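Asks: Below you will find the structure I want to go over with you.
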Amino acid sequence: MVLTNGNEIFNNARKGKYAVGAFNINDLEWTRGILAAAQETNTPILVQTSMGAAKYMGGYELCLHLVQDTIKSMGITVPVVMHLDHGNYEAAKECIEVGYNSVMFDGHDLPFDENLEKTKEIVKLAHAKGMSVEAEVGSIGGTEDGITGAGELADVEEAKTLAATGVDYLAVGIGNIHGVYPENWQGLNFDRLQELAAEISTPLVLHGGSGIPKEQIVKAISMGISKVNVNTELQLSFAKATREYIEAGHDQDVNAKGYDPRKLLAPGTKAITDTTKERIEWFGTPSI
Ligand code: 13P
């Protein structure tokens, strides 16, 4: 079975001190680009939809079918986890209902007790159907899907309490930021990561995986990060490849003569594959 929950994959990653990448999809091209990278490297992968991307594409059920059918039509054989990224309570419940393999319930903006109670509920619902759950402690900085977090460091006691709910992976704030990192960014807080990893055996998740220098990512993985999320880097590489294609004289694919997505979007799709493959290599994900 290609689609699977993430439990075995991420527990093995934590034990083996490598990470598995979680890449955001926004359309058919991204889906194909990311799945091609997983197949070409023969590694497991996590394909995730934010609430905004799912809304754009037509809903969670459509996204699940898109991934399922693309897996089939491309002949993908590596394990793929279909995951909800940064879901609120309603979105997490809907994705469990629809049949995702894994959901993130992001309750970081709720009072901690409410985050805890709702996380417990989502864990119960998801586990009853064999699905995995990611929770978040300490807000991740930057803006994702219009939600801006202040970028606090995860509190170790709160992280322990959330981990004890039985979540399968835990997103921790360690100075990471969604989107492009500012010039004056201080880097990842390895002291806090060490404290968290010493107390919590649950696989830990690093959001905001774009723009962090490779050495810092590699170090974080060696200390207990088992899942790294990447979105912005894919957006940037898609945009760059498309721009270069047009500037190289292919503007006839998008002018008065019409718009041919099959030509115009091909370089971007290839760039998504190349960027995903590069990240898989950074994360040390072993082939299966
Ligand atoms: P970036 O957009 O910074 O890569 O972050 C992605 C992410 O963490 C999605 O949850």
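From the backbone N, Cα and C atoms, a Cβ is placed for every residue, glycine too.
Sharing the feature lines straight out of TrEMBL:
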ACT_SITE  D85  active site, proton donor
BINDING   H86, H178, H207  Zn(2+) 1 binding site
BINDING   D106, E136  Zn(2+) 2 binding site
BINDING   G179, G208, G209, S210, N229, V230, N231, T232  dihydroxyacetone phosphate binding site
Asks: Which of H86, H178, H207 has the fewest nearby Cβ atoms, counting only those within 10 Å, among these binding-site residues?
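Replies: Each of the binding-site residues H86, H178, H207 was scored; lowest Cβ tally within 10 Å is H178.
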Asks: Round to a whole number and give the Cα-to-Cα distance in Å for the pair the residue listed as 'active site, proton donor' and D106 (Zn(2+) 2 binding site).
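Replies: The residue listed as 'active site, proton donor' and D106 (Zn(2+) 2 binding site) have their Cα atoms 8 Å apart.
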Asks: Under a threshold of 6 Å between Cβ and any atom of ligand 1, which of the recorded positions D85, D106, E136, G179, T232 are retained?
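Replies: Only D85, G179, T232 meet the Cβ criterion.
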Asks: At a 10 Å cut-off from the C-beta of N231 (dihydroxyacetone phosphate binding site), count the other C-beta atoms across all protein chains.
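Replies: For N231 (dihydroxyacetone phosphate binding site), the count of other Cβ atoms within 10 Å is 25.
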Asks: If you measure from the Cα of E136 (Zn(2+) 2 binding site), which of the binding-site residues H207, V230, T232 is the nearest?
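Replies: Among H207, V230, T232, H207.
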Asks: Can you give me the Cα-Cα distance between G209 (dihydroxyacetone phosphate binding site) and H178 (Zn(2+) 1 binding site) in Å, rounded to a whole number?
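Replies: Computed Cα spacing between G209 (dihydroxyacetone phosphate binding site) and H178 (Zn(2+) 1 binding site) is 8 Å.
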Asks: Cβ atoms within 10 Å, counted per site: which of S210, N229, T232 has the most, among these binding-site residues?
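Replies: Answer by Cβ density within 10 Å: N229.
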Asks: Compile a sequence-ordered list of residues in the same chain as D106 (Zn(2+) 2 binding site), six or more apart from it, whose Cβ lies below 8 A from its Cβ; state 'none' when nothing qualifies.
Replies: H86, G87, N88, A135, E136, A171
Asks: List the residues in the vicinity of the dihydroxyacetone phosphate site, defined as same-chain residues other than G179, G208, G209, S210, N229, V230, N231, T232 with C-beta within 8 angstroms of the site's C-beta centre.
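Replies: Other same-chain residues near the dihydroxyacetone phosphate site: N24, H178, H207, G211, E233.
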Asks: Given a 10 Å Cβ-Cβ cut-off, pick out the one of the recorded positions D85, E136 that has the most other Cβ atoms nearby.
Replies: D85
